[in-house]
Amino acid sequence: MQLNSTEISDLIKQRIEQFEVVSESRNEGTIVAVSDGIIRIHGLADVMQGEMIELPGNRFAIALNLERDSVGAVVMGPYADLAEGVKVKTTGRILEVPVGRGLLGRVVNTLGEPIDGKGPIDNDGYSPIEVIAPGVIERQSVDQPVQTGYKAVDAMIPIGRGQRELIIGDRQTGKTAMAIDAIINQKNSGIKCVYVAIGQKASTIANVVRKLEEHGALANTIVVVATASEAAALQYLAPYSGCSMGEYFRDRGEDSLIVYDDLSKQAVAYRQISLLLKRPPGREAYPGDVFYLHSRLLERASRVNAIYVEKFTKGAVTGKTGSLTALPIIETQAGDVSAFVPTNVISITDGQIFLETDLFNSGLRPAVNPGISVSRVGGAAQTKIIKKLSGGIRTALAQYRELAAFSQFASDLDDATRAQLEHGVRVTELMKQKQYAPMSVAAQAVSIFSAEKGYLKSVELNKVGNFEAALLSFMNSEHAPLMKLINDTGDYSADIEAELKAGLDKFVATQTW
């Protein structure tokens, strides 16, 4: 075979003409240590706090410690195959998650990836998980209610749209049950819900999703999951991820509700990460910024004014306020609300619902302790009729608790004290409510009206529940227009009071309970 020098020359010229100069600039580093989901990287420059670092196999880590000669990052996912010498590179991006209406009815992980087997998500865009909370001028006062469907909560500890109300108690006291019932009660209210499960068993979360679906509330809800078996980084970031998904609706002039179940486990995950990053431990071995961990999250729950919404949507939505209501859950140990994380979250939130083990075990469910449960801003948002009628409920229960303790040592009681005890024990019985059975405003109003106006005096204690069920059935059939009026307006007038009284008198005369 003879080589033609002209052909070779032409071929070389052609290659030279077609040659393109491409320069790629990459900020690349090398892993120098791997341990328990934490990697230490040498050689990276210009890294941002919280920046995503790309690892081999389409995985990412988040830069948390920026030191003089190395970067400490936490791996989001499996890390067993990472070793010293592996090359990694910066992305120049902060972690973002998909947001939009396409996520409603779906179960996603911390990164917004679907894990329910229903195919890809049709999201409207992406939002950073760390967002600065709206400022003072951008906010509006809380004056619209979020109905949980629980008489004990809506009457004594009302929650408003844009409020942060802590649900606190020992394990197995009904904290998750209360939050799930609050979500179920929103299915026809227009409030979009986000349920964030942190560090829970996968079987427990599957049961929650099934219950939401059974009661028709899943279509209105986004479920964000970071199970107990997932990396600590994913458990730490899950609440921020869910919050961004809820803010999507708030910023567009809609109302949303988010449940963090629970922030104790998030704090434990963050403590684990911080100790592995060799940050100095403080009280209970938590890092120094554990307060900021929760405050920057819960401050994002707010009610924003119409100007903020109009500016955010560039004029597409006008005259509408938006809200994100938060129900964080904290698990206490042996009822100790003075521990580090519980006191932090109590000081950040606008009130707390304290659930007690003793009350739960005695059959009072929801096991709300009205003595130390409080809502600091919800009173302004309470429905008119419930606010008007429920004034005596908290007083009756407080007096009953005091007298019940006193009566154990007193041999004989006067008639007034005995009447107060009788009334208190019946109101306590009336506050009991089954799970997955949230009540409408009208049903709550009728129930509380019967207690306030003395209709329970003649009812035997063990028949209070039957009396209430029969009364509500009677009112819904015989006084349907009145019940609809109360549900629609929430007003309380002399005419409504007269009709309620007439209905109750008529029902009591039937003796059908």
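Note: Cβ is positioned from N, Cα and C throughout, glycine not excepted.
Quantities reported herein were computed from a predicted structural model and do not represent experimental measurements.
A sphere of 10 angstroms centred on the C-beta of ASP170 (ATP binding site) encloses 18 other C-beta atoms. Mapped onto three states, the DSSP output places ASP170 (ATP binding site) in coil. Residues or ranges marked as ATP binding site in Swiss-Prot: GLY169, ASP170, ARG171, GLN172, THR173, GLY174, LYS175, THR176.
What Swiss-Prot lists as site 'Required for activity' is SER373, and the listing cites sequence analysis. A coil conformation is recorded for SER373 (site 'Required for activity') in the three-state DSSP classification, outside any helix or strand. The number of other CB atoms found within 10 A of the CB of SER373 (site 'Required for activity'), across every protein chain shown, is 22.
Remark: LYS175 (ATP binding site) has ILE167, ILE168, GLY169, ASP261, ASP262, ILE329, GLU331, LEU355 as non-local neighbours, by Cβ distance under 8 Å and separation of at least 6 in sequence. It is 17 Å from the Cα atom of ARG171 (ATP binding site) to that of SER373 (site 'Required for activity'). Within the group of binding-site residues (GLN172, THR173), the Cβ with the highest number of other Cβ atoms inside 10 Å belongs to THR173. Between the C-alpha atoms of SER373 (site 'Required for activity') and THR173 (ATP binding site), the distance comes to 15 Å. For the recorded site, THR176 (ATP binding site), the DSSP three-state label reads helix.
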